Amino acid sequence: MSIPANTIQKDKMMHSDYYTQSQGPTVEQQPEWQASVQPYSDPHAYSPSFYMNMSQVPHFLPAQVDPFIYPNTLGSYGGDKQVQCLWETNGQVCMHVCQNSGELSTHISSNHITHDSKFVCLWKGCDREFKMFKAKYKLVNHMRVHTGERPFLCDVCNKVFARSENLKIHKRIHSGEKPFQCTHNGCTKLFANSSDRKKHMHVHSSHKPYSCMYPDCGKTYTHPSSLRKHTKVHENEKKSQLSPEHDESSDSGNASIGTPTTDESLTFSPENIKRDQHLHTMHTFMDRPNPFMQMYQNQFSNPTYHMFMAKPDSY
C-alpha cells in the first residue's frame with residue numbers, strides 16, 4: 001500500500017513545526033509580558049567572563065584579601081588538595097606546590113627546618129610572632145597547624161589526630177582506661193585525662209571559675225556542665241516570656257506575624273530577630289512580580305477560553 005506524497009509532506013511539516021516549537025518561541029512570537037521580562041541571572045553563579053573582566057570595572061575593584069590564609073588550597077573539591085608552602089625567608093615566600101598536606105610537611109622538614117637553623121616558625125601570618133621552640137620535633141608538631149596534616153589514625157574508629165598524645169588519650173575511650181585519680185582525701189573518682197581531673201578538683205575547693213554571663217545573675221559554678229544546665233534555665237525563661245504574645249496574636253483571628261511589642265527586653269532576642277527575618281523574606285517573595293501568574297490570569301479571563309468549558313447542566 002503506497003502512502004500519498006502530500007500525506008508524507010504534511011507529516012514532515014507537522015514534525016518540523018513541533019520541533020521548532022519545542023526549541024522555544026522566537027522574540028517575535030513571545031507574548032508582550034514575556035518579552036519585557038529579563039532572563040533570570042544568579043548573582044552568585046560563577047561566570048568566567050565576569051571574573052576576568054571584573055578588574056576593568058571601576059566599582060568592582062579586587063578586594064584586599066590576604067592570600068596567605070590557612071590552608072592555601074589550589075585543588076578542587078574531593079580527594080587530596082594541592083597546597084602551597086608559605087614559609088618565608090628574607091622576605092621571600094617559598095610558594096612551592098605540594099600534592100597533599102603530608103608532602104608539604106615532608107618538604108618543610110627537609111628544606112626549611114634544619115638542625116643548623118633556629119627552631120622558629122616562619123610561616124606567613126603565624127601568630128607565634130617568631131617565638132622559638134626548644135627542639136626540632138616541637139616545631140615539626142607545630143607546623144601541622146599550618147599544613148593540616150593528621151598522621152595519627154585510630155584503628156578502632158578511624159579518627160585522625162595531629163599529635164600522638166591526643167591519639168593516646170582518645171584510645172582510652174575505647175579501652176575504658178582511667179589512669180588519673182582524684183587526689184582529694186576520700187574521693188575515688190578516676191578520669192581518662194588530666195584536664196578532666198583538674199575540672200573535677202574544683203568540686204573539693206571553694207573556687208568557682210565558671211560564671212553565668214546573663215546580666216544581673218552573677219551565679220558561679222565549679223564545673224562547666226553545671227553552668228550549661230543553669231544557662232538552659234535562662235533560655236526557658238525567655239521562651240516563656242515570648243509565649244503569651246504568640247498566643248494572643250494567634251487567638252485574635254488576625255494571624256498577625258509582626259505585632260510590635262513595647263517590651264524592650266524582647267526586642268533584640270534571637271527569636272524575635274528570626275521571626276522578623278522570616279517576615280521580610282515572606283513579603284519580599286509575595287511582592288515579587290510573577291509573569292507566569294499574570295499569563296494564567298489573562299488566559300482564564302479570556303472569553304474564548306470559557307466557550308470550551310462544559311456547562312453544569314450539560315451532564
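Glycine is treated like the rest: Cβ placed from N, Cα and C.
Under the heading zinc finger, Swiss-Prot lists 83-112 (among others), citing sequence analysis as support. Helix, strand and coil content of the zinc finger (83-112), in residues and according to DSSP, is 11 helix, 9 strand, 10 coil.
Marked as zinc finger by Swiss-Prot on the basis of sequence analysis: 124-146 (among others).
The DSSP breakdown of the zinc finger (152-174), given as helix, strand and coil counts, is 11 helix, 4 strand, 8 coil. Under the heading zinc finger, Swiss-Prot lists 152-174 (among others), citing sequence analysis as support.
The zinc finger annotation in Swiss-Prot covers 180-204 (among others), and the record cites sequence analysis as its basis. Within its own chain, the zinc finger (180-204) has Cβ neighbours under 8 Å at 169, 172-173, 222-224, counting only residues six or more beyond its boundaries.
Long-range contacts of the zinc finger (210-234) within its own chain (CB-CB distance under 8 A, at least 6 residues past either end) are made by residues 199-200, 202-203. If you look up Swiss-Prot, you'll see 210-234 (among others) marked as zinc finger.
Annotated region 'Disordered' per Swiss-Prot: 225-270, in sequence order.
According to Swiss-Prot, the compositional bias 'Basic and acidic residues' annotation covers 233-249.
What Swiss-Prot lists as compositional bias 'Polar residues' is 251-270.
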